[in-house]
Amino acid sequence: MELNTHNAEILLSAANKSHYPQDELPEIALAGRSNVGKSSFINTMLNRKNLARTSGKPGKTQLLNFFNIDDKMRFVDVPGYGYARVSKKEREKWGCMIEEYLTTRENLRAVVSLVDLRHAPSADDVQMYEFLKYYEIPVIIVATKADKIPRGKWNKHESAIKKKLNFDPSDDFILFSSVSKAGMDEAWDAILEKL
């Protein structure tokens, strides 16, 4: 599939399935804990500065945000998880919204699960990966902020993440930096393969 990634726009924000776009376009969901770099990932992948709002305040994305890419596919940004300053009730509401989307959306082709290369995956990261494996949803692990770690230590950090996740070697694992754009081509290859 040929994609003009510059031709991208935020389409709509949805709280439940009655608000989802009603068409057949394939979707790739982006999941990860708050401040893992999802907005930076979207902006880098689409060669845009501010298409997805980056925020110093974790937990800003509270709806499913659908991004139209060249009228051929969509990214769906789901609320960041694991942010403590959101009420338990609010977190449960997000959880139900995310679960409904991931388990019922026929357009969904795969989930890009973002983890921070600098840190061991959180319990939420592990739970998300196990959830995706349980529902047999194709998953691409993208380890963000690779530029914050010397290249010589990438393998060590990658191994630690894979071990904690009990990583399935048949899944894609991509080291990514929104600063240097390392991993961008590999991420697009993995995504397009799932469509």
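Including glycine, each Cβ sits where the backbone N, Cα and C put it.
Residues annotated as domain 'EngB-type G' in Swiss-Prot, with sequence analysis given as evidence: 24-195.
According to Swiss-Prot, the GTP binding site annotation covers 32-39, 59-63, 77-80, 144-147, 176-178, on the basis of sequence analysis.
Secondary structure from DSSP puts Ser39 (Mg(2+) binding site) in a helix. Residues annotated as Mg(2+) binding site in Swiss-Prot, with sequence analysis given as evidence: Ser39, Thr61.
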Legend entry - Those residues of the chain, 6+ apart, with a Cβ under 8 Å from that of Gly32 (GTP binding site): Lys38, Gly80, Tyr81, Ser113, Leu114, Val115, Asp125, Thr144
Inset, instruction - Using DSSP reduced to three states, classify Leu63 (GTP binding site) as helix, strand or coil. - result: coil
Inset, instruction - Please report the number of other Cβ atoms within 10 Å of the Cβ of Phe176 (GTP binding site). - result: 26
Legend entry - Segment-level pLDDT (mean, integer) for the domain 'EngB-type G' (24-195): 91
Legend entry - Per DSSP, three-state class assigned to Gly32 (GTP binding site): strand
Inset, instruction - Pick the one among the binding-site residues Lys38, Lys145 whose Cβ has the fewest other Cβ atoms within 10 Å in this structure. - result: Lys145
